[in-house]
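See below for the structure under consideration.
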């Protein structure tokens, strides 16, 4: 039985288009595959909770925070504007990060990238295996909740690995363009791997969607 | 000679009142006393620089950041919204903090904050509840009150008060 994400929160236009402060509400993107599609590497139960509960909550909370922020801005209430910042970063980052993550994974994934991306990886990390080791180590080493990232440094024209805390979005906080993210919040793996984050990391390489990572890389280089 | 803050950046209304996103620009508040009023504890030169240069810069930069933030919000550009946050916090915080500060000062001085001694902690890392409560942290919170060791919390409290 299909258990495709059915939550199609449609985009709602708030106030008239073009008027100051008008914006569309954010919505939960559908998964490009069924909840069970990434088994045995990531369980259906995890995928369903992760997408339909965690990501959905970031989306809903982001919309709520943006609404409050606009009100505070109109009233000149800087105290509230600053007080809302953590919520904007957390929920906005959560929405951005997970939207990227679902596309970074695929039931047809795994193996190695090809062509330009592979060449760039070899150039910037020495070999694919060294890159994989490094991203794994950085992801495993995140203290608490966060993400491991392969990003693109536009200023230097090179690939770079970085870790972010909580839901801090890679680009907004470091300037690196996100290519591949690895969610290491416990909700991403705990039900299946418990505290053994390294086992989750071993498994996830089997479902990395290199086509998507390559698309993102090629888009950066324009 | 008076050196009262003369910078009366007036409040300007941006877009029509009541329209979404309209806001007044922030302005530098006047000091409630002369620059030299807090001597010998804080010099007039400090008060003048602090108020008319530092605080004024926070105000100007805050206005600039808010303008950019509104543009990003309208475009749905969450990446830029997040990138602007440090500037908003720094300059918005600077404006708030100094606005309060000038009123906290008088020739008679102020107080000090105190730190918190931990008595009771609630671990909300996901590993502390996920296997049982999944994403529903509130259910975990409801449950944990059934097992709080008040004897221990009391011991810690009594130790603080010595």
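Backbone N, Cα and C atoms are what each Cβ position is placed from, and that goes for glycine too.
These numbers come from a predicted model, not from an experiment.
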Which range of A:1-28, A:29-56 is region 'Disordered', per TrEMBL: A:1-28
Sparsest-packed among the binding-site residues, when each Cβ's other Cβ atoms within 10 Å are tallied, from A:50, A:187: A:187
DSSP state at residue A:183 (Mn(2+) binding site), helix/strand/coil: strand
Cβ contacts of residue A:98 (Mn(2+) binding site) (under 8 Å, same chain, 6 or more positions away): A:50, A:51, A:54, A:55, A:58, A:183
Output field, Mn(2+) shell: CB within 8 Å of site CB centroid, site A:50, A:98, A:183, A:187 dropped: A:51, A:54, A:55, A:101, A:185, A:188
Helix, strand and coil totals (DSSP H, G, I; E, B; other) for the domain 'Manganese/iron superoxide dismutase N-terminal' (A:25-106): 63 helix, 1 strand, 18 coil
